[in-house]
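Annotation source TrEMBL lists domain 'CWH43-like N-terminal' at 8-233. The transmembrane segment annotation in TrEMBL covers 12-35, 55-73, 94-112, 118-145, 157-182, 202-227.
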Amino acid sequence: MWWFQQGLSFLPSALVIWTAAAFIFSYITAIVLHHVDPALPYISDTGTVAPEKCLFGAMLNFAAVLCIATIYVRYKQVQALNPEGRYISRLNKAGLILGLLSCVGLSLVANFQKTAFFAVHICGAILTFGMGSLYMFVQTALSYLMQPKIHGKQVFWVRLLLVIWCGVSAFSMLTCSSLLYSGHFGSDIVQKLHWNPEDKGYVLHMITTAAEWSMSCSFFGFFLTYIRDFQKISLRVETNLHGLTLYDTIPCPINNEQTHLLSRDV
């Protein structure tokens, strides 16, 4: 059995591969059509102009669905491993909410371009990166509380390093973008897709875009740490019948059926 056939490990793998493909394909398309500069454009800039914005939006919407599935499976896994841990249960529920909000933000970023709906796009980016960063922090805290009985210490340290990487990138991006959009470098920055080294704010722009790509990579790395965890979990669908036909009104005892959903038991 291949590693991606074990449990639900294909979920985080598909999430990372699909999202990275969305970034790469839209970037290549935008570069070929000369819609953005090759040197570190904003990720969302590569999905601003047609036709790449259509590809960017469609692929990121599906990535949001994969992300929701991954976050939910992780929530159910932690819940099953710690049925009586009240503190862990609260953290787990908080992580679920934060993760789902991040997925909503990803969909907003995909469908509301910066040049057309700047306020909505920024709200989506804040939800995606802000709530996503908090989700990573919560999951790292859960990893700390679940060691060494449930998993090894190495997983916690890897996730902690990724959270630190994400935090440094987020701080750099927030600081430089705040300065860049403060109004001291012109009012057309929102609509600007091409930058020259001679432009005012060019250095801040490059630091901001580099931090954004770096932060995205930290997200990818974090979800990849789920692969080994997801190899130990499977989902079932349970069908409960309350009558012999769809129109029965009197309950009738029927044997329930349980079938595997997406994966075999590990």
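Using N, Cα and C of the backbone, Cβ positions are placed for all residues, glycine too.
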*Does the transmembrane segment (202-227) reach the transmembrane segment (12-35), going by 3 or more CB pairs under 8 Å (6 or more apart in sequence)?*
yes
*Folded-back contacts onto the transmembrane segment (12-35), same chain, C-beta under 8 angstroms, at least six residues removed*: 4, 41, 43, 45-49, 51-53, 55-56, 59-60, 62-63, 66-67, 70, 193, 216, 220, 223-224, 226-227, 230
